[in-house]
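Working notes for the structure below.
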């Protein structure tokens with residue numbers, strides 16, 4: 001990747017040629033989890049540029065008043081003015097200069113504007129959020145509508161200030177992911193978590209659904225259904241739980257968007273789900289579900305960086321098959337210490353969702369020992 005700011009921009013921590021950093025990540029993973037050296041491991045590197053679907057920039061004016069995007073300098077909070085960012089999807093890269101030019105010529109839109117956020121996808125829709133240290137009034141909204149209409153590739157525009165959000169267009173983009181040649185549509189909401197690297201995300205989903213299905217599926221940490229929807233093509237019944245109200249709302253919308261009827265999304269955290277399935281607590285949110293009718297033999301988890309923790313990991317040992325996507329190899333290592341008391345690892349996978357950073361996504365398929 002050719003970037004004039006590589007090595008000085010704080011956004012990319014690994015200033016190495018892509019092939020070198022990918023080999024480094026694989027090596028570090030295998031050292032941390034020696035079992036992976038003797039276990040089938042599938043490798044999914046990223047494209048070296050034009051891969052990232054989200055971006056957050058500060059706004060910076062130099063001494064002559066010229067406006068530019070900015071990142072923090074490496075190892076510092078000092079702003080580093082930039083005009084482009086080659087890791088971003090082409091849809092974002094193409095919009096950045098024209099958006100900046102339009103903003104620079106409008107005093108109302110730039111007054112107390114401190115940040116710009118981009119959200120896009122393979123569908124090429126682009127949603128932009130403008131972040132302010134001021135109350136947004138009718139004059140701002142009129143100028144923002146003019147900005148939106150003047151930029152054909154800008155799908156929606158959101159203005160944000162403390163306690164205030166003005167949506168011009170939609171508060172989401174509609175993304176299409178192609179999984180094993182089948183298109184799946186998703187609403188990706190501004191401000192909510194979405195996978196940052198859509199092409200690698202497609203590979204992650206394909207890898208997970210390639211595992212032979214068993215019985216019915218329980219999913220914890222389901223988010224907006226990124227994995228759940230494609231998994232529905234493999235399982236007769238799925239119960240998917242998630243603590244975020246916004247994500248559950250989006251997941252149900254995504255079900256409707258794809259005409260899927262055999263997933264039940266419920267707002268519960270992992271510990272609450274465990275309590276419900278073990279009969280320790282009854283939840284009003286589960287009142288319409290016939291839990292005893294489920295034949296849970298498989299469980300899928302995609303936990304946050306903190307991992308599962310010993311309690312949830314112990315609970316998963318009751319399932320014959322465990323499908324695990326991890327965004328933190330260190331917590332995966334500690335979770336596997338618990339899971340391997342009863343299960344064998346059948347396969348690993350490494351996914352580079354975050355090139356030019358130390359972060360690495362991985363997958364594990366485990367099966368209960370007989």
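Glycine is treated like the rest: Cβ placed from N, Cα and C.
Over all protein chains present, the Cβ of residue 226 (S-adenosyl-L-methionine binding site) has 26 other Cβ atoms lying within 10 Å. Look at Swiss-Prot and you will find 195, 221, 226, 242, 302 tagged as S-adenosyl-L-methionine binding site, backed by sequence analysis.
The feature active site, nucleophile is assigned by Swiss-Prot to 327. The Cβ neighbour count for residue 327 (active site, nucleophile), using a 10 Å radius over every protein chain in view, is 19.
In the three-state DSSP scheme, residue 361 (active site, proton acceptor) falls into the strand class. The active site, proton acceptor annotation in Swiss-Prot covers 361.
Cα to Cα, residue 226 (S-adenosyl-L-methionine binding site) and residue 327 (active site, nucleophile) are separated by 15 Å. The DSSP secondary structure for residue 242 (S-adenosyl-L-methionine binding site) is strand.
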